[in-house]
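Asker: Would you mind keeping the following structure in view while I ask a few things?
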Amino acid sequence: MRNFPLSRGTVAGLIKGYVAVSAAVYTETFNGMLGNSATNLLLLLALGIPTACIVVMYFVRPCTPSLDEDNSTEHSHFMYTQISSVVLGVYLMVATILGDTLNLSQAVTYLLFGIMILLLLAPLAIPIKMTLYPNKQTKEKPNTLVPSYSTDSLSGADPENSEPLLGSAAATLATGTNESDDSTDLDVLLAEGEGAVNLKKKRGPRRGDDFTFLEALVKADFWLLFIVYFCGVGTGVTVLNNLAQVGMSVGANDTTILLCLFGFCNFVGRILGGSISEYFVRSRMLPRPFWMMCTQIIMVVTFLLFATGLHSLIYVSTTLLGICYGVQFAVMIPTVSELFGLKDFGLMYNFMLLVNPLGAFFFSALLAGYIYDKEAARQHPGVLEPSNCYGPDCFRVTFYVCAIVCCCGTLVSVLFIARIKPVYQMLYASGSFRHPRSQQQLH
């Protein structure tokens with residue numbers, strides 16, 4: 001978020017997209033390099049992955065972001081990375097299906113693994129090209145507005161000491177986030193002029209400023225985003241955790257293809273969610289959670305399709321749910337950074353991720369697990385612990401509940417979007433991200 005402040009949605013979609021295909025990468029690694037050995041897989045996860053993280057962590061560090069919103073070089077780099085990631089996702093889906101349906105020789109398996117490694121390393125072409133052919137740095141033009149993306153800046157300067165007191169307030173009043181905020185600031189300014197209050201102590205951060213975690217916790221918008229995200233991801237993770245059983249209950253015995261389809265569509269949803277939300281927030285100042293609302297409407301229909309229990313609809317339903325589920329992740333991340341800043345962004349982001357275990361506990365363990373076991377016991381009377389359940393009744397009630405939850409999430413998102421629309425109009429009035437306190441910072 002700090003290194004690419006003008007492309008937050010695109011960055012979030014790419015990073016979460018690669019997370020979505022990581023399971024398929026490990027599967028190909030297990031089949032290719034590890035020879036289907038569970039012991040080797042555990043050694044890779046316990047030793048190999050941490051070693052790789054330690055080796056590359058030096059290269060993941062803050063750098064000076066590009067402030068040129070028309071930087072064609074950066075746009076082309078993002079486009080190249082997105083294309084290479086999509087090629088990787090398609091390749092992994094095809095390779096997984098081939099490995100599941102055909103009896104591939106060891107040589108072919110190694111070949112598929114080698115191609116995957118090349119596709120994974122494809123984005124490295126960008127830093128190599130930038131190192132070999134560096135661009136000449138252009139001097140900044142005078143009187144250019146430079147956004148302050150975070151008070152927790154890379155330079156480490158203290159904003160309270162470096163920012164003029166009344167200048168900051170005047171700039172904030174000039175942005176016109178909403179009338180109530182303006183009138184409040186005006187009253188505080190008048191009172192401060194009469195010696196009644198200290199403006200710096202009285203005024204807290206507003207949406208779009210940098211919040212501490214505790215300051216964000218008492219804001220209604222923070223919890224509205226949490227609820228919307230919980231409704232989308234909490235229900236989606238329920239299907240993900242039980243997708244193999246859902247497929248078997250409707251007669252789709254080859255659950256590997258089903259899981260592969262969900263993983264690929266989840267990846268596509270994350271890439272599209274980041275890119276599309278980035279485009280419309282720049283061109284139309286459309287709040288990013290609008291796309292969470294749209295996808296949750298689609299999820300309502302998808303859960304109803306799942307509830308029918310028809311084998312012919314299982315693949316269509318899985319495709320739609322995977323895409324909608326992925327969009328939730330790609331939209332939530334930049335939304336948190338835009339509304340509450342980057343000061344405690346990591347803490348806020350990980351707090352939002354609590355919806356994954358919470359949704360899995362309430363909807364998957366308590367609801368879906370209980371109904372599945374109850375229906376399995378009804379189908380196998382006399383069996384102490386029946387393992388399998390067949391038919392639409394195994395998950396029908398679960399899908400109905402998930403559809404209702406997504407309906408509630410859609411209604412909450414309407415309220416949430418209405419509340420934050422003025423904030424996005426302020427932040428993206430110039431076509432790209434601008435911090436509300438940066439309008440009078442001239443170089």
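Each residue, glycine too, has its Cβ placed from N, Cα and C.
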Asker: Under TrEMBL, which of the candidate ranges 168-189, 256-277 is annotated transmembrane segment?
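Answerer: Of the candidate stretches, TrEMBL labels 256-277 as transmembrane segment.
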Asker: Need one number: mean pLDDT over the domain 'NFD4 C-terminal' (217-423).
Answerer: 94
Asker: Counting only CB pairs under 8 A, let me know which of 222-244, 289-307, 313-335, 347-372, 397-418 has the most with the transmembrane segment (256-277).
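Answerer: Between the stretches 222-244, 289-307, 313-335, 347-372, 397-418, 313-335 has the largest tally.
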Asker: Counting by DSSP, what is the helix, strand and coil composition of the domain 'Nodulin-like' (1-128)?
Answerer: 103 helix, 0 strand, 25 coil
